[in-house]
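The block underneath contains the structure these notes are about, expressed in structure tokens.
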């Protein structure tokens with residue numbers, strides 16, 4: 001049996017912290033306003049994985065009202081969510097992440113992002129795709145106010 005999940009997340013810029021995307025620190029003058037580290041891509045991917053096996057979403061599993069997740073490393077959240085996916089009898093066939101950002105440019109970091117996700121999901125890097133696009137200066141991402149991300153996860157029964 002196969003299962004598919006979709007995730008979406010968005011965070012605004014504005015906090016003095018490192019900008020984390022796909023578990024990689026991307027040099028930029030500001031970070032995200034968020035309860036955790038704000039890694040918009042890993043949050044979308046976590047939602048996709050959880051959604052594929054009907055385990056809700058990142059907010060259900062790691063509520064922002066719980067102080068233990070304050071400034072949490074989103075890689076740890078992803079790894080825990082994937083542990084729960086595996087407990088349901090599924091593993092990743094492939095994942096696809098789309099980062100929607102006017103700035104900063106993601107291209108120099110894509111390979112590292114793919115490898116980081118592959119490491120966290122215990123899969124081959126060829127099962128992980130990460131890409132970035134702009135909104136041609138339209139909307140909040142186009143104005144440089146934040147970043148959005150979509151993710152899709154295809155899971156197969158172990």
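Using N, Cα and C of the backbone, Cβ positions are placed for all residues, glycine too.
Per Swiss-Prot, these features apply:
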BINDING   9, 11, 43  divalent metal cation binding site
BINDING   9-11, 35-36, 57-59, 62-66, 133-136, 140, 143  4-CDP-2-C-methyl-D-erythritol 2-phosphate binding site
SITE      35  site 'Transition state stabilizer'
SITE      134  site 'Transition state stabilizer'
Cβ neighbours of residue 43 (divalent metal cation binding site) where a neighbour is any other Cβ within 10 Å: 28
Residue among the binding-site residues 11, 143 whose Cβ has the most other Cβ atoms within 10 Å: 11
For residue 66 (4-CDP-2-C-methyl-D-erythritol 2-phosphate binding site), nearby residues of its own chain (Cβ under 8 Å, 6 or more apart in sequence): none
Proximal but sequence-remote residues of the same chain as residue 63 (4-CDP-2-C-methyl-D-erythritol 2-phosphate binding site) (Cβ under 8 Å, at least 6 apart): 69
Set of same-chain residues at least 6 away whose C-beta sits under 8 angstroms from residue 35 (4-CDP-2-C-methyl-D-erythritol 2-phosphate binding site): 64, 69, 70, 71, 72
Cβ neighbours within the same chain of residue 9 (divalent metal cation binding site) - under 8 Å, at least six residues apart: 40, 41, 43, 44, 47, 58, 148, 149
Rounded inter-Cα distance in Å - residue 11 (divalent metal cation binding site), residue 134 (site 'Transition state stabilizer'): 15
